[in-house]
Amino acid sequence: LRRSNLRESEEILRREARLLGDDLGGNVATVATSSPGVAAVAAVPPGKGEARGTARSVPPLGGNPGKRGARVLLSEQLLLSGAFAVGGAVVVEDQPDVSAVLSAYNQQGDPTLYEEYYSGLKHFIECSLDCHRAELSQLFYPLFVHMYLELVYNQHESEAKSFFERFHGDQECYYQDDLRVLSSLTKKEHMKGNETMLDFRTSKFVLRISRDSYQLLKRHLQEKQNNQIWNIVQEHLYIDIFDGMPRSKQQIDAMVGSLAGEAKREANKAKVFFGLLKEPEFDVPLDDEDEEGENEEGKPKKKKPKKDNVGSKSKKQDPNAPPQNRIPLPELKDSDKLDKVMNMKEAARRVRLGPECLPSICFYTFLNAYQGLTAVDITDDSSMIVGGFADSTVRVWSVTPKKLRSVKTAADLSLIDKESDDVLERIMDEKTASELKILYGHSGPVYGTSFSPDRNYLLSCSEDGTVRLWSLQTFTCLVGYKGHNYPVWDTQFSPYGYYFVSGGHDRVARLWATDHYQPLRIFAGHLADVTCTRFHPNSNYIATGSADRTIRLWDVLNGNCVRIFTGHKGPIHSLAFSPNGRFLATGATDGRVLLWDIGHGLMVGELKGHTDTVYALRFSRDGEILASGSMDNTVRLWDAVKAFEDLETDDFTTATGHINLPENSQDLLLGTYMTKSTPVVHLHFTRRNLLLAAGAYSSQ
């Protein structure tokens with residue numbers, strides 16, 4: 001740092017490492033970052049080596065990690081500015097000190113020549129061979145941003161303005177929003193506190209380019225002695241070079257568009273246990289009525305194994321499944337077993353869907369929802385529906401004739417005979433029976449709601465920064481979880497209950513357990529708001545979608561990010577795992593639904609059709625059909641079986657990301673269903689494969 005005269009960075013490093021004297025002393029561990037010629041030095045005071053080495057370890061899931069466990073991850077990472085691999089795990093730094101980051105922009109070139117440099121490179125790329133042009137065009141946007149920021153930082157405001165005006169029209173349409181933010185940064189002072197710029201600084205923009213194209217670029221820049229651009233490429237870009245054919249324009253377009261470019265290939269190499277956990281075994285008692293009703297097609301006994309494509313294999317462990325005890329899951333209660341039995345009976349009567357047999361759709365329209373409907377969820381057995389509203393209320397409706405009742409008061413409960421068979425009926429207070437219950441407690445719009453699998457609890461998260469757990473026995477709030485300091489955009493219960501996840505404006509997702517008031521895991525890495533969260537069916541992984549236009553898959557066990565998916569051109573608003581756990585579908589403001597193979601870490605499909613944000617995605621119970629609901633007031637049904645069959649996931653594709661998407665997704669579209677004027681906020685398949693949809697009627 002001294003050699004480069006980076007005083008401020010040196011100060012920060014000293015403060016971080018608590019080395020105030022001149023002598024560095026002790027052991028100095030050097031960590032090489034991914035950019036050539038830059039090394040971050042983490043100084044370890046003598047005797048403290050042990051503590052620093054163990055700080056990265058993660059508390060066990062069951063235990064309460066306390067504040068230290070959560071914070072230590074972030075403070076350790078402040079030292080290591082720039083995301084780089086440490087022992088195979090990608091460490092993502094929290095926001096480092098702005099001045100340290102910006103000092104990389106110290107004046108290096110003649111401000112009047114920037115336009116010349118850029119247009120020279122532009123001319124070179126546009127005149128290169130078609131096969132290289134598509135790949136090298138990826139450089140335009142990150143270089144444009146960095147050159148503009150360099151001009152602004154060094155206070156050449158007029159040059160920066162003319163540079164921006166001359167070239168901003170050439171950038172891809174999906175960067176419009178980012179460019180709008182950029183255009184408002186016209187003075188050095190603006191750069192100090194601006195988050196978007198920090199993201200651009202701290203996360204190297206990743207470009208994936210074939211070796212041939214890269215050599216071509218390098219030769220050009222060296223011949224022209226265009227050091228200004230070469231410095232930016234080395235300082236701020238991460239070029240992921242692969243051997244083989246350059247990718248076509250379509251292949252690149254499918255994958256780019258996120259805030260920090262594409263994902264590095266290493267990011268999607270880790271092994272993911274995407275298989276399902278083995279179902280616990282217990283006997284299913286048969287009712288008489290079932291036997292009569294089902295005689296013509298064999299008794300349900302025979303049909304039971306057909307519960308799921310995976311259910312039938314439940315005797316053998318799925319080879320891709322995580323070990324049964326990899327994370328501690330709650331024990332099954334008797335009521336859960338009863339519910340599983342009910343589920344199996346329903347499954348026996350499930351409609352097998354397919355292109356020839358589409359589901360019926362039942363649409364729940366919220367009328368006169370002047371409070372502004374912001375979230376919906378439906379219980380797994382489709383008996384209750386909940387709405388979160390902008391007036392900070394949570395409203396729960398019963399969808400069946402059975403009314404919602406609270407438990408009696410303590411005085412009345414003491415009179416009940418605990419031994420009677422119908423004790424569970426007796427504790428309910430008939431006087432409280434109603435179709436609708438309103439839950440008050442939040443102090444801002446409610447953006448996410450989620451029922452627990454056993455239907456005893458309900459989660460809601462709000463703009464007020466809290467996640468609340470409500471009892472559906474008493475319809476009161478049991479806990480307020482405070483961890484996010486900003487709005488919480490989404491929350492969801494694990495499919496096994498007990499754990500839940502939340503994601504918010506503070507760019508992190510948190511994993512909680514209902515009986516801990518501190519989060520068990522903090523998943524940090526997104527560069528913008530975490531807009532939606534989803535548990536994998538085996539509960540070992542969590543997917544998060546973000547306004548940085550990427551989707552990440554996190555391992556619940558150790559908090560690592562194991563997949564980064566890029567390709568959407570706008571913030572992600574919906575996620576759905578296929579029932580067999582192998583695939584993920586994602587929807588965003590760009591109206592596209594993308595399909596991902598989790599095991600290989602590849603995009604395997606793109607469903608085009610919606611003309612507005614896709615807010616809801618759901619697979620049918622056996623995964624044959626994917627339903628998508630959007631702000632364009634339509635529900636669309638897609639053929640998931642066809643979309644996922646005969647995928648080309650050979651080693652070469654996996655290694656280089658040469659994905660071959662079918663040109664036309666229309667042959668996968670099975671149907672489009674318009675509502676009159678109701679954006680679709682939520683979709684849910686009942687246990688018999690009836691599709692329920694929900695949204696609030698909008699009069700305009």
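For all residues, glycine too, the Cβ spot is worked out from N, Cα and C.
Keep in mind that TrEMBL annotations are predicted by a computer and have not been checked by a curator.
Predicted, not measured: the structure shown is a model, and the values here were computed from it.
If you look up TrEMBL, you'll see 284-295 marked as compositional bias 'Acidic residues'.
According to TrEMBL, the feature compositional bias 'Basic and acidic residues' maps to 307-318.
Among the features that TrEMBL reports, region 'Disordered' is placed at 284-336.
Beyond its flanks by at least six residues, the repeat 'WD' (366-407) meets 339, 342-343, 413, 427-430, 432-451, 453, 455, 458, 460, 462, 464, 470, 472-475, 681-682, 684, 686-687, 690, 692, 694-697 of its own chain at Cβ-Cβ distances under 8 Å. Taken from TrEMBL, the feature repeat 'WD' covers 366-407 (among others).
Marked as repeat 'WD' by TrEMBL: 439-474 (among others). Residues 333, 335-336, 339, 372, 374-381, 383-384, 386-396, 404, 406-407, 480-493, 495-497, 500, 502, 504, 512, 514 of the same chain, all 6+ positions outside the repeat 'WD' (439-474), place their C-beta atoms under 8 angstroms from a C-beta of that stretch.
Here TrEMBL flags 481-512 (among others) as repeat 'WD'. Only residues 6 or more beyond the boundaries of the repeat 'WD' (481-512), in the same chain, are considered here, and those with a CB under 8 A from a CB of the stretch are 329-330, 444, 447-454, 457, 459-469, 518-524, 526-535, 537, 539, 542, 544, 546, 554, 556.
Helix first, then strand, then coil: DSSP counts for the repeat 'WD' (523-564) stand at 0 helix, 24 strand, 18 coil. Look at TrEMBL and you will find 523-564 (among others) tagged as repeat 'WD'.
In the predicted structure, the repeat 'WD' (565-598) carries a mean pLDDT of 93. The repeat 'WD' annotation in TrEMBL covers 565-598 (among others).
Residues annotated as repeat 'WD' in TrEMBL: 607-639 (among others). Long-range neighbours of the repeat 'WD' (607-639) within the same chain, counting only residues 6 or more positions beyond its ends whose Cβ lies under 8 Å from a Cβ of the stretch, are 308-309, 347, 350, 352-355, 358-359, 361, 363, 570, 573-580, 585-589, 591-595, 665-666, 668-685, 687, 689, 691, 693, 695.
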Same-chain residue ranges lying at least 6 outside the repeat 'WD' (565-598) that approach it to Cβ under 8 Å: 174, 177, 254-258, 261-263, 268, 272, 274-276, 308-310, 320, 528-529, 531-538, 543-547, 549-553, 604-619, 621-623, 626, 628, 630, 632, 638, 640, 643-644, 647, 649
Structural state census, the repeat 'WD' (481-512) (DSSP three-state): 0 helix, 19 strand, 13 coil
